[in-house]
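*Asks:* Mind looking over this structure? Questions follow.
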């Protein structure tokens, strides 16, 4: 901003500030710059004008130019040299200008005005730039030492705020410059800068009293300290603030030769990188290098300095509570790069710690076994599965199963292999296999079904199975083998479980099988016949006792996984109803010889069911016999399918072609006459009745018309007559006046 000041020898006066783009005339009378009591001053003595040589205000090196043009009689002198009349010359700061030949001496000075704005919207910046342009100042995008003011609506801890406080520059509202412009235009005193301090809007500061005026203590706040930056982006952002405060900013590159004593030296502050910040791009090697430096600091009892503490140390003018590696971190300080650290987000064994009790993310190992092997092995790559709505028992079970090591996996595989030999030698009645619902697989995605199957297969009691092998291997042999069949085989063998489900209320044998099937369905397993033993169609007493013991063992798993598979129960119920209807229809079509065969089969091998049938009613007996016969028939069919399961193809993909264009077939109702074919497509119209359509139109006339009788206005007629007389009299007078100036008024016509 250019100012015209009176010289020291001249009479003291107020400085005259010159706005950009305005011409100031220096003269003796009716001028912007008025000089009185000097007879050598002309009325239009000289002209002063401030112009910008460039259109961009962000170029801080280019200041506006001040030019002067002499139009006087006695001349204008610049540094005691007379100017040529009618020519312009450029003035520099400090030049002495003399108007006339007497004591009208002045001095021109340029007062720097470089404004940097922070946290302003687009409209606020536009208004600010216009005011600065008229004042002859400049604007800067980033803070430099040449900046004189910082414009903010509210004080927040930013890099520009820190630099402005360190440099001792005032922080003002944008309205200050608008009021300053009005004061210059009206030639009044400029506003007080203290009344335009913005309010503090920073949660880290709170309600604490802070002095934001220029303090000398801030200029040497970081004297004797060395701030070590491990990232180039942080060094570029915060390095200038450290240097302004008298400190040293040093960028540490990866693979440097600095010793460990350098980081633990007094006055050395290692700035925290903030690995969890998504804006920073950190490679794996840099991450390891940063962790190594953090371990060095931890061994020496030091801590890294967050970015926010640099600003708080400048605001509160202390380095004891802030930017002190040996001190405790402040609880109210929030780093500039928020987010959990790596140690908080990921544990050592690789599992994810849940952030909320009802939204839990864990790594569940993929337990899909190979087709030819009955042993269950854990995959090396865990599969992430999200489980919602688990109770405390299931969470404990998840945490316990997620920490299985590879050694225990190998031992479990060996135990499973040993138990598999027992299964093949003794050939028990039923085996346990992973259960897959074909109805659910058609309606759900493959990914969700695979995650659900992995959860079911994984949470089977492996530890209990090894303990029971040592006590009684014969009883636990059914639990130790788990074979995963193809989808086609499971769809054919699955109705054996639900068919036994229906007869739970009538006979003891079906009730026992119902418990086993429910336990297996809740635990994610399905009961299917083995078919290799000769007595696979009968149920022995020892097997029933063993299954009762298994029910006690599986009770805990039922409670844990009841919430997981609650959605599958409606689907199983629907499937059981459909299969029951199909069985009833097939039974009605069977001949009487099949019914006799059914009674013969039910009479021999199951004595317990016969005793239960004798106690029930006659109608219930027939229903149970039909149900048991259908169950055994399905068991026999399943045996044949299991024998030929090795020849069946596995892992097939069902493809179905669908048309991508969906259109509705517009059906036309064609009316056909007798012998005339199709009728023509024509439309029927009907006149809509409007009000008054059936009446004659109402014609205005006759009595509807009223005669208009004009009244005579006597006053108006008298006024018109008077005006006519006045005009006639005026015409006569005009004609008489014209006759007086005629040379020959009476011209005789020949």
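Positions of Cβ are set from backbone N, Cα and C atoms, glycine also.
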*Asks:* Need the matching range: Swiss-Prot marks region 'Disordered' on one of 581-622, 623-664, and I'd like to know which.
*Replies:* 581-622
*Asks:* With respect to Swiss-Prot, which of the residues 433, 533 bears the note phosphoserine?
*Replies:* 433
*Asks:* In Swiss-Prot, which of the ranges 429-479, 684-734 has the region 'Disordered' annotation?
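*Replies:* That would be 429-479, per the region 'Disordered' entry in Swiss-Prot.
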*Asks:* Among 667-676, 737-746, find the range that Swiss-Prot records as motif 'FxF/Y motif'.
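*Replies:* Checking Swiss-Prot against the ranges 667-676, 737-746, the motif 'FxF/Y motif' one is 737-746.
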*Asks:* Under DSSP, is residue 683 (ubiquitin cross-link) part of a helix or a strand, or is it coil?
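*Replies:* Going by the DSSP assignment, residue 683 (ubiquitin cross-link) belongs to neither helix nor strand, so it counts as coil.
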*Asks:* When you measure from the Cβ of residue 687 (ubiquitin cross-link), how many other Cβ atoms are you left with inside 10 Å?
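*Replies:* Here the count is 6.
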*Asks:* At a 10 Å cut-off from the C-beta of residue 683 (ubiquitin cross-link), count the other C-beta atoms across all protein chains.
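*Replies:* There are 4 of them.
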*Asks:* Tell me, what is the mean pLDDT of the region 'Mediates interaction with SP100' (111-328)?
*Replies:* 88
*Asks:* Rounded to a whole number, how many Å is the Cα of residue 683 (ubiquitin cross-link) away from the Cα of residue 732 (ubiquitin cross-link)?
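*Replies:* Their Cα atoms are separated by 86 Å.
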